[in-house]
Amino acid sequence: MKLNQFARLTPDFKVQVAELKQIGLQADPDDTFSQSTTDLFNAFFPEAYTLAAKKDKLAQVAVNMDQTLAAWLAKKPSKMTRRDFYNVALQLLGFEAFTDFDLNDPFKMMTATKLPSLDHDLTSTADLLKAVYLLLNTRTKHLVSYLDDLANRGFLKDFQKKQKKPTHLLFNGKVQQVFDARQAVREVVWIESDMDTDHDGQRDLLEATIYRPKATDQGLKVPVLFTANPYFHGTNDVTAVTHVPETTLAVKTHGASKAEVTANPEEPANLPHHPVNGEATQAEAYAEENGMYAFNDYFLARGFAVVYSAGVGTRYSDGFRTTGGPEETDGAVAVIEWLTGKRRAFTNRTDGITIKAWWSTGLVAMTGKSYLATLAMAAATTGVDGLKTIVADAGISSWYDYYRENGLVVAPGGFQGEDADVLAVDTFSRQKSGGDLINIKQAWEKHLATITHDQDRTTGAYNTWWDARNYRKNANKVKADVVLIHGLNDWNVKPTNAIKFWEAIADLPIQKKLVLHQGQHVYVHNVRSLDFLDMMNLWLTHELLGEANGAEDVLPNVVVQDNVAVQTWSAYQNFASPAAEHVTNTRNLKTDFEAATDQFTDHATATFDAQHDTSASFETAIITPNSAYANSRLWLTQPPLERDQTLEGIPHLELTLAIDAPTGILSVRLIDLGMAKRFGETAATVALNGLQLGFDYKTTDILEFKPTAKPTPSKLISLGHINLQNPKNAYEVQRITPGQPFHISLDLQPTHYHLPAGRQLALVIHGADMAQTIRPIKTTHYQIDLANSSITLPYRI
């Protein structure tokens, strides 16, 4: 086990003492050592209400091989050895003597686990207080810090009773759980937008669900975590509308210029406002939906309000879904504008009674994963006031990069046949309300047909519809600070979405952080080896509470999880830069790779059907030596590595080839070859319900990325796809003459990948990708000019 920690601060001793007193500990350096140890260790069992109960708890802790903590305290000690203190500390942190560590040498385990410690014996009360302060900020076996663990057991439950008025509590630069999340005020409002996406002549009203600390009713104003979540009110069965992968790749007769595919913002409609008949300070509707994001729940107990809004076309709101269109961005912005006092909302949909977010400080962070993170990124690119930061996990920065690639229809990994129209149906939760649907069904079906037409599955080309869903175009407008989190094995929302957005905001005068993990499309807030919750606590305390805690400097710019060394996260200045830390090597495919042939015929669709494969089994087989697809691919290998190497950046392919057809699909996979136990792409559960989000509150599982039980022969590092009629970009077309050589350039997905010595790099070049592209029936023959082809690989040195 490794408990990496990036968010721990080390303030000077006076600040440490003041903070210890602020959380209710007896922390006077002038007290005797004996009295201080008794007071402090007794305080560490808040679940024990009497001295007798506390003494029993103390008797369960071993100081060394000879005595318990209760017996040791009874001797009124005047000092404590470093070893004895950390024997006690480890048990308080949830580790077991004899099982997890040796009482004769706790430091061996602490070093391996990356736990901090003082380097000397405790010979004074000041030493003790320093050790206790460090202990409170040390991570437990249960992922959270020790102070969080104490608070989860009731240590801070009476904090507000001792204050003249409700307030936030900060410790070590981070806000603490001194609010009872169980008592949160739950309410619903309807925010008036500027849009009419369902074409009924009225401004769409957008439902927003609010959970705010009860202390706001006593005058406390709080910042807001806002999650724009299209799934919040449920999803629909999309089996009937999911596309069957087409069997013919169209020959494109014409392309377009950049100007022709550039979308121009539409002029806002001049719509009448909903009538106003009064104002209220209390909502009329209870929020019946439960919060569905543990990250938000964690901060609700720390004095942040949490707001969810599903947006246009969802249950209890007006409008139609647009799958990432400007209307969905505007819907998220409308919620922020209400939270900052710049837009009206109503207590119900009909009476015209307005309500303000009077409890809000007007400081907002957007959070969430996938579609939720996508809308956070989209809102940030508007430059809306009040949005201080986004914490965007696996978000889409351009919808073309989600459903298309280089002139091809390319489904997100794991969702073959999905497209923008399918997702629109999936999230159109208005249809769950029959009384609502009967009034809009015909208009919705007409609207959906427009999405199906405009997404253009026939050519897969980039057009104005996709351009309107490219948020990177407006990245220069971003004013909010940005945290991006992404899985390096996320083939659903591929890593290019994060890295291209990261590059687009690189020169902006904002703070920005990037976290890259070895998972697929998953959260990392409950991954034990990373202190992600503390990192974001430090960040949000700075961003939303205005605390000068140095978060922008303390937190690394880039944190990357290693794919070989278990539970290892490394800090870097940037991704794929600066130049002094990176080098690129261009490898010729003929002289630097071994290949049995330079040609293949793509029989993948026939093989897929004959093998009764699935998308998942195909993805395994296409990168496995000697699989059923061996004749439908080109397999190129390099010699085994003599030393460890780390790829970091965007692999780039230059390829000269000829095909025997006027159109074709080319897919490329970069492979780590060699039998090994590699990390699973989904973190495994290590403690069911082990992460507590607040005192007597919700829990979630603690997870960890682990090597698989069985070795595998290969692992996908990166991949890319291209329609060979689009060698330059996704909108210009180049005619293919069968049998005549032509050249293409192809960027693969960004990666950070540690290759151990002894492994081999392999390059797999093939045609149709059964898991993601369409599945042509017609076979195509590919002839690769290896001597005039190369791949450029970026390395961190």
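Yeah, the Cβs are placed from backbone N, Cα and C, and that goes for glycine too.
For S370, D490, H521, the entry in Swiss-Prot reads active site, charge relay system, with the evidence type sequence analysis.
Overlay of Swiss-Prot annotations on the structure.
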residue	record	CB count, 10 Å
S370	active site, charge relay system	22
D490	active site, charge relay system	23
H521	active site, charge relay system	21
D490 (active site, charge relay system) to S370 (active site, charge relay system) - Cα separation in whole Å: 11
Euclidean distance between Cα atoms of H521 (active site, charge relay system) and S370 (active site, charge relay system), Å: 8
DSSP state at H521 (active site, charge relay system), helix/strand/coil: coil
